[in-house]
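Colleague: Below is a structure I'd like to ask you about.
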Amino acid sequence: MTSSKVPVLAARIERFPIAGSFTISRGAKTEAVTVVAEVSQNGLIGRGECVPYPRYGETPEATLAAIQAMQAALAGGLTRQALQAAMPPGAARNALDCALIDLEARASGLRAWNLLDRPVPGERTTAYTISLGTPGAMAAATARAAHRPLLKIKLGGDGDPERIAAVRKAASESELIVDANEAWTEANLEANLAACAAVGVTLVEQPLPAGKDDALARIKRPLAVCADESVHDRNSLAPLRARYDAVNIKLDKTGGLTEALAMADAAQALGFEIMIGCMVATSLSMAPAMLVTPQARFVDLDGPLLLARDRDHGLRYDESLVYPPDASLWG
Ligand SMILES: CC(C)C[C@H](N)C(=O)N[C@H](CCOc1cc(O)cc2c1C(=O)N[C@@H]2C)C(=O)O
Ligand SMILES: [Mg+2]
C-alpha cells in the first residue's frame, strides 16, 4: 500500500458474471462490466465503482481513460467539490466522486452519511427485477419471485399487455412496477398504460424514448410515470415536471453521490417522487446509493442479487431487504 501524502489514483475494469442472463428492451447481458477507481493517500484507500452505459455513449475503455486522465489534477489538489465542474456527469465521475467520499470518510473516522450530514440510512425493501421475455417465461420467473414484496417487470413493446397480465397472475400479492426502457410509442402508450393500471401496477418507468416523450404531458396518466433515460442530473429536472411524476436517480447518470444528493433535494422540491436505481453492478455501486434511500419512495438496488458472485464485504441482502454498507466495503 502506498503511504504517499499526495493522492495516487489507480483504476481498472472488473467483470462479474450474471447468474443466467438479464434482458431488457435493448438486449441481453451475461456479465456486469464495472470500472473501479481507487484513490490512495496517507495509507488509506477510497474506492468507487461505476458502470459505463453504451446508451449514453459510454464504454468501459473510454471511462477508464477518463478516470486515469484525472491523476495529475488529483495529485495537484483537485477537491471533490471541484471535481463536479472538472468532469461531465456520467460513469467516470461517479467512480471518482465515490472514491473521494470513501477516502474522506476513512480519513475523518466518520461514516459517509455523517460526513455528508445526511440521514442515517436504514434497511429498505428493494425491487427485484424480472427480465424481459415471453409472457410464459416471465410468468415462470415471477412465480419464483412471488414471495418478494416489490417486483420490477421489464417490458419491451409489442405484447406488453399480455406480459403484464401473465405476471400479475403469477404474483397476486407483490407490488408491481414496470420499466419499458423507451420501448413504447405514442401509438401504444395509452393502451399499455391502461393494461398496467388494470392489474394494479404502481408505476411505469420510461415508457417513451428520451426526447420523444412530450405525449406524456398531453394524456391523463392513469398511474405514476417515472423518468429514467430522460433524466440525468439536476439540470434535466424542471422541463420534465409536466411529463413525469417520479424520477429514477442513478449515480452513474448524475456522476456520483455528491450530485445525486443535490438532485434528490431538487427533485423533492419540484414535487417528484424519487426512485434510487442502479445498473447491473456489485455492492460497491449500491453502497453510496444507500444514502439516497431515506428520500426514496422506491428503492431499486438489486444489482448484486442478479450476479453469480458479489465483492467481498458485499451488502447484506435478506431476501429483498437491503442493509446499509459496512465500513469494510465503503464509506
Ligand atoms: C440488476 C437490475 C437490472 C438493475 C435495475 N433494477 C434496473 O432495472 N436497471 C436498469 C438498467 C439496465 O441496465 C443495463 C441495460 C443495458 O441495456 C445495458 C447495460 C445495463 C447495465 O447495467 N449494464 C450494461 C451496460 C434500468 O433501470 O433501466
Ligand atoms: Mg430504467
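Just so you know, glycine gets a Cβ as well, placed from its N, Cα and C.
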Colleague: Same Mg(2+) site as E205, D228 according to TrEMBL: which of D160, D179, D265?
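Modeller: Only hit among D160, D179, D265 in TrEMBL's Mg(2+) site, alongside E205, D228: D179.
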Colleague: Within the chain of E205 (Mg(2+) binding site), which residues six or more apart in sequence place their C-beta under 8 angstroms from its C-beta?
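Modeller: Once residues fewer than 6 apart are set aside, E205 (Mg(2+) binding site) is near K152, I177, V178, D179, A180, N181, V225, C226, A227, D228, N248, M275.
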Colleague: Fewest neighbouring Cβ atoms within 10 Å: which of the active-site residues K154, K250?
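Modeller: Among the active-site residues K154, K250, the lowest count of other Cβ atoms within 10 Å belongs to K154.
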Colleague: Which of the three DSSP-derived classes (helix, strand, coil) applies to K250 (active site, proton acceptor)?
Modeller: coil
Colleague: Taking every protein chain shown into account, which of the binding-site residues D179, D228 has the largest tally of Cβ atoms within 10 Å of its Cβ?
Modeller: D179
Colleague: Just checking: which of the recorded positions K154, D179, D228, K250 have a C-beta under 6 Å from ligand 2?
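Modeller: List returned for ligand 2: D179, D228.
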Colleague: Could you measure between K250 (active site, proton acceptor) and K154 (active site, proton acceptor) for me? Cα positions, answer in whole angstrom.
Modeller: 17
